[in-house]
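According to Swiss-Prot:
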DISULFID  C45-C119  disulfide bond
DISULFID  C158-C236  disulfide bond
DOMAIN    24-135  domain 'Ig-like V-type 1'
DOMAIN    140-250  domain 'Ig-like V-type 2'
SIGNAL    1-20  signal peptide
TOPO_DOM  21-281  topological domain 'Extracellular'
TRANSMEM  282-302  transmembrane segment
Amino acid sequence: MLCLLKLIVIPVILAPVGYPQGLPGLTVSSPQLRVHVGESVLMGCVVQRTEEKHVDRVDWLFSKDKDDASEYVLFYYSNLSVPTGRFQNRSHLVGDTFHNDGSLLLQDVQKADEGIYTCEIRLKNESMVMKKPVELWVLPEEPKDLRVRVGDTTQMRCSIQSTEEKRVTKVNWMFSSGSHTEEETVLSYDSNMRSGKFQSLGRFRNRVDLTGDISRNDGSIKLQTVKESDQGIYTCSIYVGKLESRKTIVLHVVQDEFQRTISPTPPTDKGQQGILNGNQLVIIVGIVCATFLLLPVLILIVKKAKWNKSSVSSMASVKSLENKEKINPEKHIYSSITTWETTERGISGESEGTYMTMNPVWPSSPKASSLVRSSVRSK
């Protein structure tokens, strides 16, 4: 039904209501916007007039280059906005057509979207066509994983690149520690709030600041004094009117800069937390194998240590004995030789003379020296 409506509406718009060949047009200079893959971009198309007039028609065209053929992104006529082709569900007319505004919001930007976007706008009861080109450059997708140490401060960026200011109406930051856990509000901003300020709630109170410039469509935040419990998934929802653009950041909190890098994937569900992953299983198997291989070596080392200890003890005993023998002084054994008186009758009545002989005895000699008795008979 929608395709049939397009076939009917497009010829009606482009033929009867199309611009005559001689219709004058006004082209302004083309601003440049740079946006990362997956983000949103707002391309302004505002007619600057002192009086406000109702927009009669808006066409947004895309071409890779100035000389390339153009394709329709979106067209607006008679209060009907129709996105076309590959831009369906991603392009939205966000300008206030009652105030000369035909701005376009393009969500989930892809690399193929890089090129020149031209807005052609005509006001009611005027023949002049206003043309405003915007050059879009698409950069690689920003990393979704952010690592920070405990106690440090980290920035989390969330913005809409735009040629116009003051288009963001609301910003919400939410936190979840897992896929099945309840979300917590980190920060909330609403342009309709009386205070016009943001609110940080719950355990993030007094630790979160809105550092982005809301007037420039920037809802970035700063998280201070990071805790281990802050690890998880942070989702930024930034609104232009009722249209929401989302950005997800996975925050990993580490103890120090030398700690092993945590896997960038968010916590899994289905009870997988209690199951070892492949890397852990390999590490455990390696430890077990190493233990079995090193056990015999350990046993040999223990036995060798005991044998060395026993040998050292024996040597110490021998040396102690030798030292003891050297320290003890020489001992002499004195023995007396008994003298017997003789009643033998001899010449001049002279009696025999008795003498005592001392021989040294060494402790190391196998046998003690015997007592030697010698008698010298008197002449």
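Cβ coordinates come from backbone N, Cα and C, glycine included.
Counted with DSSP, the domain 'Ig-like V-type 1' (24-135) comes out as 9 helix, 55 strand, 48 coil. Neighbour counts of Cβ atoms within 10 Å were compared for the disulfide-bonded residues C45, C158, C236, and the top value is held by C45. Shown in sequence order, M43, C45, V58, D59, W60, G102, L104, M130, K131, K132, P133, V134 are the residues of the chain, 6+ apart in sequence, with a C-beta less than 8 angstroms from the C-beta of C119 (disulfide bond).
Secondary structure counts, DSSP: the domain 'Ig-like V-type 2' (140-250) has 9 helix, 51 strand, 51 coil.
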